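Remarks on the structure that follows.
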Amino acid sequence: MAEFIVKDEVRKGVTKNPGLAAGLVRMHFHDCFIRGCDASVLLDSTPSNTAEKDSPANNPSLRGYEVIDSAKARLEAVCPGIVSCADIVAFAARDSVELAAGVGYDVPAGRRDGRISLASDTRTELPPPTFNVNQLTQLFAKKGLTQDEMVTLSGAHTIGRSHCTAFSSRLYNFSSTSSQDPSLEPSYAAQLKRQCPQGRTNPNLVVPMDPSSPAIADVGYYRNILTNHGLFTSDQTLLSNAKTASQVNQYARNSYLWADKFADAMVKMGQISVLTGNAGEIRTNCRVANG
């Protein structure tokens with residue numbers, strides 16, 4: 001019943017706005033990498049504390065909060081105090097993957113909600129789009145995830161969008177010797193420059209992560225990397241290491257392999273430092289800790 005309610009709210013949200021599927025997958029990732037999968041990403045800021053959701057890493061780019069709120073309201077009406085916000089986020093990410101990729105998987109339940117959310121944590125716990133393959137590998141290892149799983153989970157960039165500010169350093173004033181990143185295919189760079197003009201300060205300018213199929217989770221992400229069409233440094237860097245490049249090649253040729261391993265990696269990520277037993281709480285409202 002609980003999972004059906006969440007799935008229904010995700011389906012309604014994604015039907016209205018297909019981009020929410022990517023938003024909900026990203027929300028789960030950003031939640032789990034900070035203090036574990038405890039729904040800390042949902043807590044609102046207070047006069048005395050800036051929460052994760054209002055950090056530059058999450059605001060204005062993170063979306064899908066209204067889907068979680070709607071699911072929580074329905075669940076509290078039928079089974080109050082039973083289903084945690086952390087479980088709702090995990091279920092919603094799974095349902096989003098199913099809608100975008102046609103891949104379903106079982107999500108273990110039983111997470112409890114945390115009471116702490118600090119914007120400052122995002123600076124050290126989330127990988128910025130400028131990370132190289134070694135930095136990514138180290139950060140994922142800190143969370144108990146392998147390099148193989150890092151490459152697999154990076155495939156989530158097959159759906160969704162990015163704000164121009166996340167990659168504009170690759171287009172303009174890249175280094176003292178090159179104005180744009182030489183690892184970016186020139187015609188793709190020219191296209192991105194048209195979409196993200198230099199000096200344009202509009203924070204709402206966005207481009208699709210995978211222009212060929214922005215709402216469908218497929219291996220286009222890996223094929224793009226092979227042709228130097230990776231949007232972020234953290235995407236294109238996967239070709240700079242023999243082992244990760246081999247994996248990119250493998251996934252680009254075999255969508256079933258990626259989908260299968262992606263589901264497994266999502267389940268494992270969803271178990272990072274979870275609160276169980278008497279730890280944490282079951283929030284009544286996902287935006288505020290219980291009084």
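Here the Cβ of each residue, glycine as well, is placed from N, Cα and C on the backbone.
As given in TrEMBL:
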ACT_SITE  His30  active site, proton acceptor
BINDING   Asp31, Gly36, Asp38, Ser40, Glu52  Ca(2+) 1 binding site
BINDING   Pro127  substrate binding site
BINDING   His157  heme b binding site
BINDING   Thr158, Asp210, Asp218  Ca(2+) 2 binding site
DISULFID  Cys32-Cys37  disulfide bond
DISULFID  Cys85-Cys286  disulfide bond
DISULFID  Cys164-Cys196  disulfide bond
DOMAIN    1-290  domain 'Plant heme peroxidase family profile'
SITE      Arg26  site 'Transition state stabilizer'
- prompt: What is the separation, in Å, between the Cα atoms of Asp218 (Ca(2+) 2 binding site) and Asp38 (Ca(2+) 1 binding site)?
  reply: 28
Spatially closest candidate among Arg26, His157, Cys196, Asp210, the listed recorded positions, to Gly36 (Ca(2+) 1 binding site) (Cα to Cα): Arg26
Statement: Candidates Cys37, Ser40, His157, Cys164, Cys196, Cys286 (recorded positions) passing the 10 Å Cα cutoff around Asp210 (Ca(2+) 2 binding site) are His157
Query: For Asp31 (Ca(2+) 1 binding site), which of these recorded positions sit within 10 Å, Cα to Cα: Cys37, Cys85, Pro127, His157, Thr158, Cys286?
result: Cys37
Message: Averaged over the domain 'Plant heme peroxidase family profile' (1-290), what pLDDT does the predicted model reach?
response: 96
- prompt: Considering only the recorded positions Cys37, Glu52, His157, Cys196, which fall within 10 Å of the residue listed as 'active site, proton acceptor' when distances are taken between Cα atoms?
  reply: Cys37, Glu52
Statement: Neighbouring CB atoms within 10 angstroms of the CB of Gly36 (Ca(2+) 1 binding site), all protein chains considered, total 20
Field: Near-site residues: Ca(2+) 1, ref Asp31, Gly36, Asp38, Ser40, Glu52, CB cutoff 8 A to centroid
entry: Cys32, Ile34, Arg35, Cys37, Ala39, Val41, Ala86, Gly114, Ser117
Message: Taking 8 Å from the centroid of the Cβ atoms of Thr158, Asp210, Asp218 as the cut-off, which other residues in that chain fall inside it around the Ca(2+) 2 site?
response: Gly155, His157, Ile159, Met209, Ser212, Ser213, Pro214, Ile216, Ala217, Val219, Gly220, Tyr221, Asn224
